[in-house]
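J.: Heads up, here are the entries from TrEMBL:
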{"type": "BINDING", "residues": "Cys90, Asp92, His150, Cys153", "note": "Zn(2+) binding site"}
Amino acid sequence: MEMAKHSAEVVVEGLKKILIREREGLDQEVQGKVERLIAELQGKRPPFDPDARRIEDGFDFFKKNIYDQHPDYFRELAEGQHPRFLVFSCSDSRVSPSVVLNFKPGEAFGGRNIANMVPQFDQLRHTEIGSVIEYAVKALEVQNILVMGHSRCGGIERLMKLPDKSTTYDFIDQWVQIGLPAKLKVLAEANDLTFEEQCRLCEKESVKNSMANLLTYPFVRNAVVSGTLTLRGGYYDFVNGTFEQWKMCTEPMPPMPMPF
């Protein structure tokens, strides 16, 4: 027993030296396995991490039931992506386009943000959104851009409450004002409705506002004019389990010159 204990201590010390010496060269998976082995040899059990287990279980399910079942499809995806859609959706955890619209990996390029908003073209602001649109349209040559709104959107509710001095946010209040034209339209046309009803209307009007903003991007406008790109709006009502969609009907427009 003492000899076995001594041997385990020797192994532990050796593994610790490897970790210290090779820490930068070891990938995280190998490093984690070494650390768990050390804990086991020392008779210690690492604390249970339910969130890490949820992530691992989720990947295990995907690997077993999807990835391993379609090797040819994922082998093709490894060579490149050719999505037909760019989807802008809300960061809301209840609104995942891949789940709600049953997109397979490779079918939809995506951008997610508070209240699924698209700002107007501006090379100095909101470049993270502009870069998503630019790559999708110019590099991937998607055929559709879908802006997907949803019910009970916290971002739209915040927009409708502004100005609100009772709560302050460092980023959200400035961001949601992208949808201000939608809010003003709702207040002008439906001022007699309840606040909740106005929010529901604004959730859809904000989608239309973002669709209009997409046309301020020269490469989007030119693709729409040439007929290679369709702008679509959608609304997912997770209260009633419904989805509606529409597409932008545009009059013939001259192509916009690309900015220098």
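Heads up, the Cβ atoms here are built off N, Cα and C, so glycines get one too.
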J.: What count of other C-beta atoms do you get within 10 angstroms of the C-beta of His150 (Zn(2+) binding site), across all chains shown?
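T.: If we count other Cβ atoms within 10 Å of His150 (Zn(2+) binding site), we arrive at 23.
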J.: Taking the centroid of the Cβ atoms of Cys90, Asp92, His150, Cys153 (Zn(2+) site), which other same-chain residues have Cβ within 8 Å of it?
T.: Ser89, Ser91, Arg94, Val95, Ala115, Asn116, Gly149, Ser151, Arg152, Gly154, Gly155, Ile156, Glu203, Tyr236
J.: By a simple count, how many Cβ atoms lie within 10 Å of the Cβ of Cys90 (Zn(2+) binding site), its own Cβ left out?
T.: 24
